[in-house]
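Q: Can you keep this structure in mind? I'll have questions shortly.
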Amino acid sequence: MNPSEMQRKAPPRRRRHRNRAPLTHKMNKMVTSEEQMKLPSTKKAEPPTWAQLKKLTQLATKYLENTKVTQTPESMLLAALMIVSMVVSLPMPAGAAAANYTYWAYVPFPPLIRAVTWMDNPIEVYVNDSVWVPGPIDDRCPAKPEEEGMMINISIGYRYPPICLGTAPGCLMPAVQNWLVEVPIVSPISRFTYHMVSGMSLRPRVNYLQDFSYQRSLKFRPKGKPCPKEIPKESKNTEVLVWEECVANSAVILQNNEFGTIIDWAPRGQFYHNCSGQTQSCPSAQVSPAVDSDLTESLDKHKHKKLQSFYPWEWGEKGISTPRPKIVSPVSGPEHPELWRLTVASHHIRIWSGNQTLETRDRKPFYTVDLNSSLTVPLQSCVKPPYMLVVGNIVIKPDSQTITCENCRLLTCIDSTFNWQHRILLVRAREGVWIPVSMDRPWEASPSIHILTEVLKGVLNRSKRFIFTLIAVIMGLIAVTATGAVAGVALHSSVQSVNFVNDWQKNSTRLWNSQSSIDQKLANQINDLRQTVIWMGDRLMSLEHRFQLQCDWNTSDFCITPQIYNESEHHWDMVRRHLQGREDNLTLDISKLKEQIFKASKAHLNLVPGTEAIAGVADGLANLNPVTWVKTIGSTTIINLILILVCLFCLLLVCRCTQQL
C-alpha cells in the first residue's frame with residue numbers, strides 16, 4: 001500500500017473516534033432515578049422587609065432586658081436568632097397551609113382621595129399677588145411642576161354635597177364681578193372719579209333670597225360688619241386695592257337644586273339708575289341686564305366702557321368684599337371664602353379708571369360714566385397637600401352619591417390659562433381607611449406563647465437539634481424573615497393575599513410625603529407653618545389611632561387589629577363603598593366599628609404576657625448549660641455519696657487487677 005492510499009483510508013478511523021465522544025458524554029449524564037421536580041409549595045424567598053427587621057430587633061431587645069443581659073452586638077444577634085428559631089421550628093399542622101384568618105386593619109394615608117364637601121372647614125388657597133387678591137401669598141407654587149397635569153380616572157363617593165366649580169350640575173358657575181371705589185375729583189365737570197376692578201367670580205342664580213322671607217333669611221346671616229352705604233374712598237394710586245369684608249343687606253343664591261342651596265352675603269356691586277326725586281318715568285331701580293352685560297361682557301375685548309342716561313348712575317351694594325358662599329340646605333355648613341381665590345385666578349383681572357360727568361342735553365341733565373382700562377394683572381392660585389384639584393369633565397350623580405371623571409388631570413395651581421369648559425373638583429388625601437385583610441396565621445401581638453412553649457420542649461429534649469437549628473437559621477436568616485410578610489386586599493373585588501396592602505400603602509406614603517415636603521430655607525414663613533399644622537393634624541390623628549390599637553407584631557406600616565372580620569355583619573359591598581368614600585346608610589358604621597376594635601385591642605393587652613413567655617424561654621435555655629447540670633448534681637448529698645461509693649468500687653477493682661498481675 002502506497003502512502004497516498006493510507007491517507008485516503010485514515011479519515012474514517014478518525015471519524016469513528018469523534019463519534020465515540022458524544023456517546024461517552026451521554027453515558028456520563030445517564031441516571032437511573034427520575035428527575036427531581038420542585039413541589040408546588042416550594043417558593044423563592046424574598047429579602048426581609050425593614051418592618052420585619054425592626055420588629056425582630058425590638059423583640060430581641062425586650063428579651064435581653066427581661067433576662068438582664070447586657071446588650072452587646074453578640075447578645076443581640078443570639079437573641080434574634082433564638083426568636084427566629086422559635087417561630088420557624090413550630091410544626092405546621094395538617095391543613096394549616098390552607099387556613100385563612102381575616103381581621104380588620106387600619107391603613108393610614110392610603111393612595112385614595114375624597115372630595116372636599118361643603119361641610120368641611122375652609123382650606124388654604126395661596127395667591128401669588130396679595131395686592132389685588134386678599135389671602136395668604138406664596139409665589140413658589142407649584143412645588144413640583146413636573147407632576148402638574150398627571151392624568152387620572154376617579155370614581156369616588158360622598159356624603160355631603162362636594163365643592164365643585166364650573167358649568168355643570170352641582171357646580172358653582174363662574175361669572176364676571178366688579179368692585180368699585182371712589183377717588184378724589186380731578187375735574188370740575190366730574191361728579192365722581194372711579195377705580196374699578198373686574199374679575200371672574202361666582203354667578204348668582206337668583207338676585208335676592210326669594211325662597212325665604214326676610215326674617216327667615218336673618219337666620220343664615222353671618223356675623224360681621226355691615227357693608228358701607230357710600231362708595232369706599234381710595235387714593236389716586238391705582239396699584240392698591242384695600243379689601244374689607246362686610247355683610248350685604250341681602251343674600252344671593254348661587255345654587256338651589258337637588259344638590260343643595262348655597263347662598264352668599266357678599267355685596268354684588270352694579271351700576272343702576274337712581275330714581276329718587278325723579279318726576280319723570282324712571283327705569284326700574286333693579287340692575288339693568290343690558291347695562292350689566294355691557295359692563296361685564298368680556299375681560300379681553302372691551303377696554304372702554306361708556307354708560308349714558310338722563311338719570312343719575314348709582315352703584316348698588318357698596319363695599320370691597322370677596323364672596324363667601326355657604327350651604328344652608330339640606331345642611332348648614334361653614335363659609336368658604338377660598339373658592340373665590342380659585343375662580344378669580346382662572347382669568348386675569350382688569351383695572352379700570354374713569355369718572356361720571358354731568359352734561360345738559362335738550363335742557364335736561366345727562367349723565368355719562370366713562371371707564372377705560374389699560375392694565376391687566378395675571379394671577380395664580382394654588383393649594384398644597386393634602387389638597388389637590390381634579391380638572392376635567394366631572395359628573396356628580398346625586399342618586400348614587402358618586403363622582404366620576406375620566407381622563408382628568410391632577411393639579412395644584414390654577415392660572416389665567418384655565419379653560420372653563422372644564423370643571424374643578426377639590427379633593428384631599430384620605431386620612432385612613434378600615435379594611436379586612438387576610439393572614440395565613442392567627443393574629444398575634446408578639447410570637448405566641450404556645451409556639452415558644454412547644455419549641456422549647458423540643459429544644460430541651462434534643463439539645464443537639466437546637467444547635468443544628470441555630471446553624472440553619474444563621475445560614476438562612478434572610479429567607480426565614482421574608483416568610484413573615486402580611487397580606488392585603490384588592491380594592492374592587494374582595495379580601496385577598498397580604499403583600500398588596502403593604503406595597504399599596506408604602507407607595508402612597510412615599511407619594512404624600514414627597515408632596516408635603518417643605519422648603520427648609522423658607523420654613524419661617526407663616527403660610528408654610530399653617531399648612532404644616534394642617535398636615536401634622538392628620539398625622540397626629542393617625543398616631544392617636546395607632547396608640548389606641550393593639551396591632552399584629554409583624555406589621556408596622558399599617559395596623560392589623562385583633563377584631564375578626566365577620567362577612568355576615570359587614571359584607572364586601574359595604575367595605576367597597578367605604579373605600580369609595582360613600583357614607584350613606586349602607587356603608588360601614590365607622591364609629592361603631594372603631595368602638596368594637598378598641599375594645600378588642602384593650603382585651604388583648606393582658607392576653608399576651610410576652611415578659612413571662614420570654615422569661616420562660618430564657619430559663620429553658622439556661623438549662624442547656626452543662627455547668628449548671630454539674631452544679632445541680634453536686635449540690636445533693638445522696639448523689640455525692642453514690643459517687644463516692646462508685647469511685648471506691650472502681651478503685652477496688654483496679655487494686656485486684658494489679659495483684660493478679
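Cβ atoms are placed via backbone N, Cα and C, with glycine included.
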Q: Suppose you had to name the range Swiss-Prot annotates as region 'Fusion peptide'; which of 466-486, 634-654 would you pick?
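A: Going through 466-486, 634-654 one by one, Swiss-Prot flags 466-486 as region 'Fusion peptide'.
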Q: Of the glycosylation sites Asn100, Asn153, Asn274, which one has its Cα closest to the Cα of Asn355 (N-linked glycosylation site)?
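A: Nearest listed residue in space: Asn274.
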Q: Would you mind reading off the Cα separation of Asn274 (N-linked glycosylation site) from Asn153 (N-linked glycosylation site), to the nearest angstrom?
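A: That comes out at 53 Å between the alpha carbons.
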Q: Give the residue from the glycosylation sites Asn274, Asn566 that has the most other Cβ atoms within 10 Å of its Cβ, counting over every protein chain displayed.
A: Asn274
Q: Spatial neighbours of Asn372 (N-linked glycosylation site) among the glycosylation sites Asn100, Asn128, Asn153, Asn566, defined as Cα within 10 A: which are they?
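A: Qualifying among Asn100, Asn128, Asn153, Asn566: none.
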Q: Which one is it, among the glycosylation sites Asn128, Asn153, Asn566, that lies nearest to Asn100 (N-linked glycosylation site) by Cα separation?
A: Asn566
Q: Under 8 Å Cβ to Cβ from Asn128 (N-linked glycosylation site), same chain, six or more residues apart: give me those in sequence order, or none if nothing qualifies.
A: Ile137, Asp138, Asp139, Cys141, Leu379, Gln380, Ser381, Cys382
